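*Asks:* As annotated in TrEMBL:
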| type | residues | note |
| --- | --- | --- |
| DOMAIN | 4-70 | domain 'HMA' |
| DOMAIN | 80-146 | domain 'HMA' |
| TRANSMEM | 170-189 | transmembrane segment |
| TRANSMEM | 221-243 | transmembrane segment |
| TRANSMEM | 264-285 | transmembrane segment |
| TRANSMEM | 291-313 | transmembrane segment |
| TRANSMEM | 456-480 | transmembrane segment |
| TRANSMEM | 492-515 | transmembrane segment |
Amino acid sequence: KTILKCYVQVTGMTCASCVANIERNLRREDGIHSILVALMAGKAEVRYNPAVIHPANIAELIRELGFGATVMENYGEGDGILELVVRGMTCASCVHKIESTLMKSNGVLYCSVALATNKAHIKYDPEIIGPRDVIQTIQDLGFTTSLVKKDRSASHLDHKQEIRQWKRSFIVSLVFCIPVMGLMIYMMVMDSQMSDAHTHHNMSNEEMEALHSSMVLEYQLLPGLSVMNLLSFLLCVPVQMFGGWHFYIQAYKALKHRTANMDVLIVLATSIAFVYSFVILLVAMAEKAKVNPVTFFDTPPMLFVFISLGRWLEHVAKGKTSEALARLISLQATEATIVTLGPGNILLSEEQVDVELVQRGDIVKVIPGGKFPVDGRVIEGHSMVDESLITGEAMPVTKKPGNTVIAGSINQNGSLLISATHVGADTTLSQIVKLVEEAQTSKAPIQQFADKLSGYFVPSIVAVSVVTLFAWIIIGFVDFEIVEKYFLVTEVIIRFAFQASITVLCIACPCSLGLA
């Protein structure tokens, strides 16, 4: 009789007893050959006789037990995938020999061998054949073969380097930002005192000028170059160079791909503010100006401090979740002891293999203190098992023949023989890791919306700031009194317009959207 296999997505399962309930009840039904339920993946693999029962009926039976169930159409994940390194191939005929031999083997669905990379990619049906059988077949042909080593260290989840980089960026910016802020506050206080003095004591303008120039920071070292501007410039350069280094790299990459992100905005604002201030200073020195020009050297350090602090905190938070995931991955056992049983469960032989080579239905021996390499069912032995990594239960659980065990949990006092039910990517632990990884890589809808917004946000801010620049130039040439109202000393129109447009850029940078 033919036996077919189908997969059913099962929802509403909460614990191992739900799994046992479904398996126990369905095994009693006619036409069902075997059933295997995975709790974390929420799916049941059912082998049935199509002459007696159909997948739709199977889903209905599960629904009657109080769970949600839908048949998964064209579900191919039941196929095992194997990546092997094959050594000793010399020419195309070796490749053909391996491929043709494997394709003749029962249970191998697809096979492709690359001579250049020495790699073989094989798809197989885990019900019929397993990775050890495939490796044995290739070795019998006279080639040496081994598994492609998976990176178990979860190094791709490591954010340590970014954390260090942003922390350094933040500290550099902060060290130079504090004196700049100090200078600003000092100037503000002095200015307010000056205006008070002006209103209360009716000083003449000459006296005011004298008082102004007597202020330490306003003192001109060279004509047009005040102490204040020189200090601000000296404090701003290192921040622009070292604090903003990563922003420049990111912005360059973004512009290269014709996109504009927050980094582009930050770089624009700080660079324009810095370059503009620097040029203004040079012009003032060339003109030997009596009045010190208004510069924006305080903008870049303060912007960089806020943004790099935000980035640093973001990477610390990411590092925390990734750390949890890396810990989970490290719980997986790396090797398994597979045993061959004779009649009456007598041990005939045992061998140590990589955990990836364990096949469904293998008998695995777990000694006291050992980790369970795969999910399985106890065949022989009694023991207590610490399952706290999955269940959070501090007390060890008793295991006797017929009970299920979870990969990654720790066997305590007795030796157990288990029959593997879920191996490789199907174990509970692998499923949890996969779910957490998916949760980390997928974005919340609101986040996708914010990303979309920021795509339009940057160009529109730049546009607004350019409009501001031209608007003020036009206003200045049409009606000069307005600008004069804002500036006691009639500065050049362009200068004021520029100031307004830079202000737009700088205010848009640390906006809540950008920081968030």
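A Cβ is built for glycine as well, from the same backbone N, Cα and C atoms used for every other residue.
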*Asks:* Select the range from 170-189, 264-285, 456-480 that forms the most Cβ-Cβ pairs under 8 Å with the transmembrane segment (291-313).
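*Replies:* Going through each listed stretch, the top one turns out to be 264-285.
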*Asks:* Report, as numbers and ranges, every residue of the chain located at least six residues beyond the transmembrane segment (170-189) whose Cβ falls under 8 Å of a Cβ in that stretch; write 'none' if there are none.
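*Replies:* Sequence-distant neighbours of the transmembrane segment (170-189): 217, 228, 231-232, 235-236, 238-239, 242-243, 297-298, 301-302, 304-305, 308-309, 312.
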*Asks:* With a Cβ cut-off under 8 Å, give me the same-chain residues at least six positions beyond the ends of the transmembrane segment (264-285) that come close to it.
*Replies:* 222-225, 229, 232-233, 236, 240, 244, 247-248, 251, 254-255, 292-297, 299-300, 303-304, 307, 458, 461-462, 495, 498, 502, 505-506, 508-509, 514
*Asks:* From the DSSP assignment alone, can you count helix, strand and coil residues within the domain 'HMA' (4-70)?
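*Replies:* Taking the domain 'HMA' (4-70) as a whole: 22 helix, 24 strand, 21 coil.
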*Asks:* For the domain 'HMA' (4-70), provide the mean pLDDT of the predicted model.
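*Replies:* Summarising the domain 'HMA' (4-70) by its mean pLDDT gives 87.
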